[in-house]
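Peer 1: Attaching a single structure in structure tokens format; questions to follow.
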Amino acid sequence: DHAYPADELMPLTCRGRVRGQEPSRGDVDDALGKFSLTLIDTLDTLVVLNKTKEFEEAVKKVIKDVNLDNDIVVSVFETNIRVLGGLLGGHSVAIMLKEKGDYMQWYNGELLHMAKELGYKLLPAFNTTSGLPYPRVNLKFGVRHPEARTGTETDTCTACAGTLILEFAALSRFTGTSIFEEYARKALDFIWEKRQRSSNLVGVTINIHTGDWVRKDSGVGAGIDSYYEYLLKAYVLLGDDSFLERFNTHYDAIMRYISQPPLLLDVHIHKPMLNARTWMDSLLAFFPGLQVLKGDIRPAIETHEMLYQVIKKHNFLPEAFTTDFRVHWAQHPLRPEFAESTYFLYKATGDPYYLEVGKTLIENLNKYARVPCGFAAMKDVRTGSHEDRMDSFFLAEMFKYLYLLFADKEDMIFDIEDYIFTTEAHLLPLWLSTTNQTISKKNTTTEYTELDDSNFDWTCPNTQILFPNDPMFAQSIREPLKNVVDKSCPRGISRVEESLGSGPKPPLRARDFMASNPEHLEILKKMGVSLIHLKDGRVQLVQHAVQAASSLDAEDGLRFMQEMIELSSQQQKEQQLPPRAVQIVSHPFFGRVVLTAGPAQFGMDLSKHKAGTRGFVATIKPYNGCSEITNPEAVKEKIALMQRGQCMFAEKARNIQKAGAIGGIVIDDNEGSSSDTAPLFQMAGDGKNTDDITIPMLFLFNKEGNIILDAIQEYEAVEVLLSDKAKDRATIFKGKMIPNYIIDSNLEMENMDQKLSESDSNKQNSEEAISASQDVGAVSEEPEEDDSDVTDPASFPPADADSDSVSISNQDSYIPGSDEAGASEPAPTQGDHQPQEEKTEAESDSKVNWDSKVQPMESILADWNEDIEAFEMMEKDEL
């Protein structure tokens with residue numbers, strides 16, 4: 001009445017939206033091609049709604065009036081799912097009606113001919129080396145034609161390239177022309193090959209020429225959504241096992257990393273344990289429906305219920321909302337994904353609750369979106385303001401799913417189970433799987449790993465009993481999530497109530513949580529939150545509401561998880577500091593052992609104090625440092641060693657500073673953690689002002705911390721240097737290169753000076769060696785992979801004789817010129833520049849000098865010759 005033959009209706013101004021005649025809306029307008037988009041997109045909806053006469057008239061209008069040869073640039077993705085899909089869906093129901101004998105007797109495949117014409121117009125977009133299509137194509141001139149005005153793009157979204165197989169394969173099966181299915185399969189194959197192999201996730205956008213991921217975040221919402229949908233549905237429609245295997249692989253990764261029930265949060269494909277953002281977009285509302293199709297009902301119910309709570313708060317689902325359910329983007333263009341999932345959940349469970357959900361959707365549409373000329377999109381769900389927009393998918397999908405939700409079998413003129421829905425809810429008959437199989441169904445999935453999940457054995461139709469067809473089944477899963485949105489949104493009054501001691505107080509706040517506190521762990525268990533210790537020393541929290549002691553406990557658990565996510569997000573935003581170094585400078589190490597240390601966001605900034613902090617280490621009592629130090633005499637003027645856990649890092653720092661310590665080293669309490677395998681750990685403050693902490697604080701993982709603890713046990717007095725990066729030994733020992741024999745740090749300083757002065761006689765020969773040593777830093781005396789200094793039993797306790805007992809491999813991150821240090825040939829040392837005879841003579845002289853010198857400590861004198869022999873052997877190894 002108001003818009004024909006335009007592509008879309010503008011419901012507020014009661015006119016048609018014609019591209020070029022209205023202000024540009026950017027990419028959104030790429031769906032418009034002057035081909036009566038809404039009419040084509042709505043064809044099969046008319047048949048579902050039992051409007052067969054109207055359908056027959058609409059098909060005649062399409063045949064008579066629609067022109068597909070327009071000089072206009074359109075989205076390949078949108079044109080495929082809406083127009084090509086609409087024509088194929090219309091053709092599917094047209095031949096069904098003709099076969100029944102009452103309607104469409106005149107029909108002779110005209111819609112299919114138009115679909116084939118459009119298919120050929122989309123094929124030029126696939127003219128890339130990768131097989132991924134260009135995102136846009138000119139309907140008249142293709143891609144690379146001078147007048148095409150497109151073909152310069154380099155990127156496309158994963159869903160844009162991966163949501164073609166149903167329509168293109170159906171076109172090939174209907175027509176017997178295989179080229180369409182071949183092109184769609186090639187695009188899917190390429191995306192599969194480019195997945196991130198360790199996480200099995202895909203990014204949001206990809207370079208169509210190189211296959212490099214441009215946006216490396218991954219989720220189940222905008223940009224990726226229908227790629228996953230089409231892998232599963234391609235298996236259903238085409239019967240190709242490779243599509244099911246790919247879907248199962250991706251699904252396992254989604255449930256492992258992205259699913260945080262009831263939330264679905266984007267992650268980085270290379271670091272899937274790291275959330276990429278703290279909000280969700282509304283397109284992920286389709287995912288519960290896909291989970292139903294896969295047979296995974298429980299998480300589908302949980303996510304759907306969370307989304308429904310958001311809808312009840314705002315009447316519609318905002319385009320994006322945060323993890324604490326606040327509006328992120330306030331628009332709502334009448335998207336149908338939630339109605340789709342509601343329909344599938346009702347079909348799966350038979351629970352009348354989902355009829356009530358559907359009733360709410362219809363009432364909200366009529367109350368808030370209906371306007372005299374149609375249904376208007378919401379510009380802001382918070383204010384109820386409208387936008388002059390009614391996308392074609394509103395009639396193609398929303399009407400269809402809501403009608404099917406309430407329709408009984410007798411209300412339908414055909415069996416809906418004989419068809420599969422495309423992502424635009426167009427109907428494709430399942431009998432296509434056995435028609436015109438021009439593509440061999442060989443498994444093209446490479447490197448497919450069999451996953452430990454019996455669900456993956458299920459085929460279509462699913463013969464397993466997934467769940468009892470009992471409304472109470474779904475209700476028991478939904479119950480813990482009831483009112484989750486209202487209870488989770490921060491409210492000022494609840495803060496006041498809490499401070500006054502009135503109202504329910506949360507059993508545990510995220511900021512107070514300590515993973516080593518048994519009481520806290522017991523509270524987590526009651527709230528349905530489980531704690532997992534990862535190998536890298538981090539702790540992972542997972543909540544399953546169904547495991548909570550009660551629905552109230554489940555709500556407390558969800559609130560705790562949201563607080564923890566927010567706390568983690570805030571910490572990630574804080575400045576990331578570079579790693580620091582703990583260098584053991586006492587006998588028998590003398591700066592050779594450098595341990596990678598994590599920095600603190602408080603205390604002395606070692607990058608501004610280049611000299612660092614040097615001192616002997618002492619273990620404090622109590623070892624956790626969470627209360628007043630009971631052995632201050634042992635800690636004063638020393639660097640305190642303490643264990644991680646039981647309290648905040650800042651509290652430990654204050655306690656040791658009060659006891660007179662000049663620095664602190666916190667050692668991880670997670671057995672086996674190491675800087676070799678774990679990401680850099682930096683100690684955060686306690687949320688309060690930490691300006692009172694003036695000493696340096698560093699963090700060592702368990703493996704590195706044990707090196708110092710074992711050294712204390714073996715040598716008693718252990719001196720270390722805390723610095724921003726490792727110092728070369730010439731800098732440590734008064735700016736002079738330490739000779740090839742080893743100097744005992746317990747000697748009086750004049751004795752050390754005496755030995756250093758003896759080495760000056762060789763200064764001319766070794767000057768070049770000193771320069772090279774200073775260039776490459778502390779690791780210049782041995783190749784990067786040579787850790788003989790610390791593995792020799794004479795120089796280190798036998799228990800730590802393994803080559804990986806000292807983390808030296810990370811030293812290059814501190815030291816300029818580390819490329820030389822990591823070269824295949826070791827950097828020159830002092831000994832490299834001396835004739836062998838001189839070196840031997842110097843060594844024998846050193847033995848005489850040391851043996852004739854009276855030592856202040858008998859225990860050191862007794863084993864000194866043994867140490868000398870050990871280091872001589874090391875120097876030979878180095879040469």
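Along the chain as shown, residues are numbered 1 onward.
Any Cβ shown, glycine's included, is placed from N, Cα and C.
Heads up, TrEMBL stuff is auto-annotated, nobody curated it.
Feature annotation from TrEMBL assigns active site, proton donor to Glu78, Glu319. Residues annotated as active site in TrEMBL: Asp225, Glu337. Per TrEMBL, Ca(2+) binding site is recorded for Thr423. Per TrEMBL, the feature compositional bias 'Polar residues' maps to 762-774, 804-813. The compositional bias 'Basic and acidic residues' annotation in TrEMBL covers 834-850. Summarising the annotation, TrEMBL assigns domain 'PA' to 620-707. Per TrEMBL, region 'Disordered' is recorded for 753-853.
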Peer 1: With Cβ-Cβ distance below 8 Å and at least 6 positions apart along the chain, what are the contacts of Thr423 (Ca(2+) binding site)? List them in sequence order.
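Peer 2: Correct list: Ile81, Thr163, Leu166, Asp225, Ser226, Glu229, Tyr230, Phe286.
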Peer 1: Far apart in sequence but close in space: which same-chain residues, 6 or more away, have a Cβ under 8 Å from Glu319 (active site, proton donor)?
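Peer 2: The answer is Asp281, Ser282, His328, Trp329, Ala330, Gln331, His332, Pro333.
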Peer 1: Over the domain 'PA' (620-707), what does the predicted model average in pLDDT?
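Peer 2: Overall, the domain 'PA' (620-707) comes to a mean pLDDT of 89.
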Peer 1: Could you list the residues of the same chain, at least six apart in sequence, whose Cβ is under 8 A from the Cβ of Glu337 (active site)?
Peer 2: Ser282, Leu283, Leu284, Ala285, Phe286, Gly289
Peer 1: How many other Cβ atoms are found within 10 Å of the Cβ atom of Glu78 (active site, proton donor), counting all protein chains shown?
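Peer 2: A 10 Å sphere around the Cβ of Glu78 (active site, proton donor) contains 23 other Cβ atoms.
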Peer 1: Would you count the other C-beta atoms found within 10 angstroms of the C-beta of Asp225 (active site) for me?
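Peer 2: Taking all protein chains shown, Asp225 (active site) has 25 Cβ neighbours within 10 Å.
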